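Taken verbatim from TrEMBL:
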- Thr97, Ser98, Phe129, Pro130, Thr131, Asp132, Thr169, Asp198, His201, Tyr223, Trp258, Thr284: pyridoxal 5'-phosphate binding site (BINDING)
- Lys224: N6-(pyridoxal phosphate)lysine (MOD_RES)
Amino acid sequence: MTTRQDCLALDAQDPLAPLREQFELPDGVTYLDGNSLGVLPRTAAARVADVVTREWGQDLIRSWNTAGWIDMPQRIGNKIARLIGAGENEVVVADSTSVNLFKVLTAALNLQRTDAPQRKVIVSERHNFPTDLYIAESLARERGLVLRLVEPDEIPAHLDDDLAVLMLTHVNYRTGRMHDMPALTRQAQEAGALVIWDLAHSAGAVPVDLNAAGADFAVGCGYKYLNGGPGAPAFAWAHRSHTEVMDAEQLWQPLSGWLGHAAPFEFTPDYRPAAGVNRFICGTPPVISMAALECGVDTMLAAQPLGGMTALRRKSIALTDTFIALVEQRCAGHGLTLQTPRDASIRGSQVSFAREEGGYAIMQALIARGVIGDFRAPDILRFGFTPLYVRFIDVWNSVEHLAQVLDGGEWREARFNQRAAVT
Ligand SMILES: *Cc1c(COP(=O)(O)O)cnc(C)c1O
């Protein structure tokens, strides 16, 4: 049985412990929601202030050139690339995850219509994050395609001659279950399909190697494990075989805005897509948000001399293993059912428990005690473990609070049972 002393000892031996110094963590808070909104990097406030007061305030429009504003989508994209097994100039930062998914899914469907017009099915996971499903549903409706939603174990059975695109989120937002990216990519491509991965809960959370897996497209989120701040811009990746070999007609994405043009400042009336992944850019980059995101991505890159994603993954597994074991010891008999795989090799960096009754209120009671996770309807208590800043003592303390909330029935209080707009 893990003790409080064990947790303190694990922290004392943790080679990644110094990385926590990069963040502004409020006193009295145990933050287990970095999978939903990452913590503020220490550098971000000063960096954003400098962008506002000096780059914008003093240098004004000259900053597009002098401060490198115009290159931010590529510069930050190249930093993210190092976290997801992508190459130089293969990732751009732009728009939101939803919008990027629309772009890459349309591009993939366009490729398939050219090559294989008979393929009419998009397969995804029934419990994929809703925005992904809504975007796919809308595209399927527009193009007379079928969106087929299946359980994770059923996916291989649906990789057949009808399949146009397999569109999956690598780590599921509810359960934290992680798909086998290389295997599913290979199987889907052998069936003649293209594969899109949403890395919203993977980038900065688990090792990802898009090029080794040979995936076709990927998108991901800036404000979760990348610590980019609320509503941070997202990213998009496309395999080089699509962006280099295919001509503009074939790799066509519909949000053909001017900054995805080959020469935006020639102001020609006709659209000519930029080279490579740059054609996935649409409009002007949100510079202030991009500056904050870059600070967040830099906190991830700071882990590279300490072992990078491999070391972060080792710690993430140790944190989630410890949390699962402690909850099952300390909170037994309280109706919590583990939703996250026990097998760490298919687990992301979060742990979820379902409870038939009171899940929302239990999370509110925890938050009132300074332990911040979140609730996902209808019944999931979700705890994210960001190895950059979560300590083993945080795991211990959060389970202590959870046990107290459950033992004392504190969550039944009326104040914990009023739903806010964001859960
Ligand atoms: C968080 C998340 C998103 C967020 O999309 P936005 O466009 O930023 O709102 C999309 N997909 C998945 C799988 C997510 O986890």
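Positions of Cβ are set from backbone N, Cα and C atoms, glycine also.
Overlay of TrEMBL annotations on the structure.
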residue	record	Cβ within 10 Å
Thr97	pyridoxal 5'-phosphate binding site	25
Phe129	pyridoxal 5'-phosphate binding site	21
Thr131	pyridoxal 5'-phosphate binding site	16
Thr169	pyridoxal 5'-phosphate binding site	27
His201	pyridoxal 5'-phosphate binding site	26
Lys224	N6-(pyridoxal phosphate)lysine	28
Trp258	pyridoxal 5'-phosphate binding site	15
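The distance from the Cα of the residue listed as 'N6-(pyridoxal phosphate)lysine' to the Cα of Trp258 (pyridoxal 5'-phosphate binding site) comes to 29 Å.
According to DSSP, Thr97 (pyridoxal 5'-phosphate binding site) sits within a helical segment. Across the residues annotated as binding pyridoxal 5'-phosphate (Thr97, Ser98, Phe129, Pro130, Thr131, Asp132, Thr169, Asp198, His201, Tyr223, Trp258, Thr284), the widest Cα-Cα separation comes to 30 Å.
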